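Novice: My questions all concern the structure below.
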Amino acid sequence: MAEVNGPEKLDISKDTSSLGSPELLHVLAVDDSFVDRKFIERLLRVSSCKVTVVDSATRALQYLGLDGDNSSVGFEDPKINLIMTDYSMPGMTGYELLKKIKESSAFREIPVVIMSSENILPCIDRCLEEGAEDFLLKPVKLADVKRLRNSLMKADERAFKNIIHKRELQANDIYSQLKRAKI
């Protein structure tokens, strides 16, 4: 009869994979204003984020492969952790982009932050009701970016710990089944 050892507890406290590696936090920044795009890009890079910037909601949809072609032609892997978009843009607004992202099964879980220089409560409420993570007034401050980054990292860490916990429970269950079967 083979000996069955108990499942080992996974130690994630020393894990140096994706969590705690700030350079892996990838933000898609969407703004039609060149100056605002450069400003938010710089704030995000100073906060140790990887940044992809695009100049329109349509271009963001292309990057995500949600433009109908299901391709992100001209872009690398669209694995992103956060989308920050201007509210008021020509063509498609940030609100319309938010709705399209939240309708997508592939991207609905990605937090979307709306930015605007206009402090109009009905617009803010509408975005938050549609699923926006936050609504930031421009000019966005470094403190806003750091707060967003920290809350995303904590959420990722909680999700990772939940996955590990589920795997530990599954391993315990398998161990119990094997023990009962006396394999």
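Here the Cβ of each residue, glycine as well, is placed from N, Cα and C on the backbone.
As annotated in TrEMBL:
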DOMAIN    26-153  domain 'Response regulatory'
MOD_RES   ASP86  4-aspartylphosphate
Novice: Within 10 Å of the Cβ of the residue listed as '4-aspartylphosphate', how many other Cβ atoms can be counted across all chains shown?
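Specialist: 24, counting other Cβ atoms within 10 Å of the residue listed as '4-aspartylphosphate'.
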Novice: What mean pLDDT does the predicted model reach across the domain 'Response regulatory' (26-153)?
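Specialist: For the domain 'Response regulatory' (26-153), the model's average pLDDT rounds to 88.
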Novice: What does the DSSP secondary structure composition of the domain 'Response regulatory' (26-153) look like, as residue counts for helix, strand and coil?
Specialist: 53 helix, 24 strand, 51 coil
